[in-house]
Amino acid sequence: MHNGEHGDMIDHSVVATLTSYLGFGMISFIVDRQQGKPDVPFYRVLDMWNQRLNQQHSQNKTSPNAEQQPPLDTSTMQSNAFKWLMLAVFRVLLSIPVMAFLDGFLRVCNEPELDPPYATLLLSGKSVSMPTLYYHAIASIALVMHLVLVPTVWLLIYSSKLCFLALFSPKTMASYHDKVAEFVQRPPLFDRLWMASSVHDMWSRRWHQIFRSAFRDIAYLPVRRLFPSKPMLGQALGVLSVFTLSGLMHDYILLCMVGYQQYVTIPGLMGMQLTFFLLQGMGTVISNYHSIPKIPHILARLLTFLFLLYTAPFFIEPYIRIRLNLIARVPGYPQTLDPYLGPVCPYGSRLD
């Protein structure tokens, strides 16, 4: 049984995430089959991450004109292969200084005081210091950037294989080219998070949509159907059920990372992910309430930023408590900035 030692945490988080993802895929597969929809193997969810096919795209895909498009010639596919490889390499190179700073910040900078836990601090009515919020904000950005790197790595792998086929087996590259083209055309994981004008805008449109279809089918729609005569109540409770499910999933991932014993004994771990997502759910419901008067866009963005700034520690603090900040890094990326990061550390540097 996993004992919570640091060396296994990241591996266990990946396994727990995949377990949740495949589990949701299986449930969606069962629901679709009961409704008579075409059978798609449940494990295909791994090929369908972040697909946000809008109505226009779906219409184009099924229109006669789309079906009659001639296949690409070999030279065009070869050109695409090298173009996508260059794009992947450019993104990797661009990420190196960014991750050198963000991961270096987590490695080098001392953490805020974690006693009492953030939730206790807020409930006691004490003010939260700006250095603490600053540290958690940088840690949150680092987490997002680690997620952003995932599709970049996959694009590098896919485009490298496609280039190999383009050079040595051009006659067999057509089907794989179509797969890579579909991957490239997917929207980015995150859509300019800094532009979020409400909590609803943040989570429904700008955050990644990897689990969207599963959460909709498993939580949102079943709960909403319980209130046919009260659609607004059904919608609100459906949204809260989605965030509850997300919070439970993230708590499960955290439990798998550290083991049950540490999960229940280390202060500030158990239930903190659920608390964070319930707060986001309530913020989403309130910010999407139609009776709230419209406010200027700049003010809306500022209020959204402040809400996320003050609630982010609920999510981030548990990972700092298990010292994930000391081991979460991109393999092979340089650490050359570490000695120079002391001035940006709000609580001093470990290297001093």
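Our numbering is plain: 1 for the first residue shown, then up by one each step along the chain.
Cβ atoms are placed via backbone N, Cα and C, with glycine included.
TrEMBL entries are annotated by machine, without manual review.
The domain 'Wax synthase' annotation in TrEMBL covers 187-260. Taken from TrEMBL, the feature transmembrane segment applies to 12-31, 84-102, 133-157, 233-260, 266-286, 298-316.
Against the transmembrane segment (266-286), the recorded stretches 84-102, 133-157, 298-316 differ in Cβ pairs under 8 Å, and the greatest number is found for 298-316. Residues 138, 141-142, 145-146, 148-149, 152, 155-156, 158-160, 162-163, 180, 184, 329-330, 333-337, 341 of the same chain lie 6 or more positions beyond the ends of the transmembrane segment (84-102) yet place their CB under 8 Å from a CB of it. Within the model, the domain 'Wax synthase' (187-260) carries an average pLDDT of 92.
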